[in-house]
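Lifted from Swiss-Prot, the feature list:
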BINDING   43-50, 90-93, 156-159  GTP binding site
DOMAIN    48-138  domain 'G'
Amino acid sequence: MNNSEGLKSFQQSLADLPQWVSERLLQQINQLTNYEPVIGIMGKTGVGKSSLCNALFAGDISPVSDVAACTREPLRFRLQVGDRYITLMDLPGVGESGARDTEYAALYREQLPRLDLVLWLIKADDRALTVDEHFYHQVIGEVYRHKVLFVISQSDKAEPTSGGGQLSTAQKQNISRKICLLHELFQPVHPVCAVSVRLQWGLKVMAERMIKCLPREATSPVVSQLHPSFRTTVVREQARSDFGETVGAVLDSISAFPLIPAPVRAVIQAVRTTVVSVARAVWDFFF
């Protein structure tokens with residue numbers, strides 16, 4: 001199905017709806033397709049934030065702010081593929097400076113409501129996690145813990161290091177122990193990931209988990225920014241499903257308008273399944 005056929009199929013699925021309902025739905029879809037996700041990347045100095053972003057995403061990264069690290073305003077980078085954008089926010093890691101951690105707590109409380117996801121990077125050989133644990137439970141807390149995906153970075157530096165072209169069995173065992181430790185300390189909502197950018201290890205699994213962690217409106221825009229090798233069937237189907245569910249949610253919200261006539265509500269409910277199904281089928285047209 002080419003793009004024009006996809007759009008035609010979707011418009012045909014709306015034929016039984018009143019024009020104002022169709023127009024509102026198309027307006028909401030337009031907002032969705034132009035949605036610009038914001039992903040925070042958190043971690044201590046040298047944890048590998050830049051290398052992970054460059055490995056995951058295909059777009060050109062350009063800074064949109066140039067603020068000194070001593071201020072409460074985090075660095076932002078805008079990533080572009082075609083006409084689509086996402087914003088990456090470089091968030092400082094905690095535990096490196098006691099004087100700064102209080103300031104960082106205020107920064108996080110300010111920024112967390114604006115973020116779709118936080119990738120919290122922890123080096124495979126980092127054992128100083130007491131401050132991280134306290135910060136997670138006290139600052140992130142119950143309200144925002146669903147937005148955090150923990151990522152063990154630089155897994156090739158896990159003991160015993162070899163510098164070879166692949167992880168040893170002993171390293172994989174130690175990484176598994178590290179994953180269990182992080183689950184014990186943080187009790188995260190989402191499974192902990194482990195990656196090595198240098199070895200290109202674990203990135204595909206991480207990309208799939210990242211997409212599952214995002215809110216529905218953010219999955220498709222983020223998928224469009226991923227490096228092609230990470231746009232797996234799992235990733236694409238998750239985005240396709242989320243897009244359909246979002247379209248369905250828009251129809252539900254219109255149907256719930258208090259003054260909407262009962263016959264119009266009945267029509268919306270009658271065509272909902274078909275419209276959602278077609279939206280999933282023509283996802284490639286929109287993204």
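Glycine too: its Cβ is placed from the backbone N, Cα and C atoms.
A helical conformation is recorded for K49 (GTP binding site) in the three-state DSSP classification. Neighbour list (G43 (GTP binding site), Cβ cut-off 8 Å, at least 6 residues apart, same chain): K49, G93, W120, L121, I122, K123, S153.
A simple way to gauge crowding: the CB of T45 (GTP binding site) has 9 other CB atoms within 10 angstroms, across all the protein chains here.
Annotation note: P92 (GTP binding site) sits in a strand segment as assigned by DSSP. In the three-state DSSP reading, D156 (GTP binding site) counts as helix.
Neighbour counts were taken at the CB atom with a 10 A radius for the binding-site residues D90, D156; the maximum falls on D156. The average pLDDT the prediction assigns to the domain 'G' (48-138) is 83.
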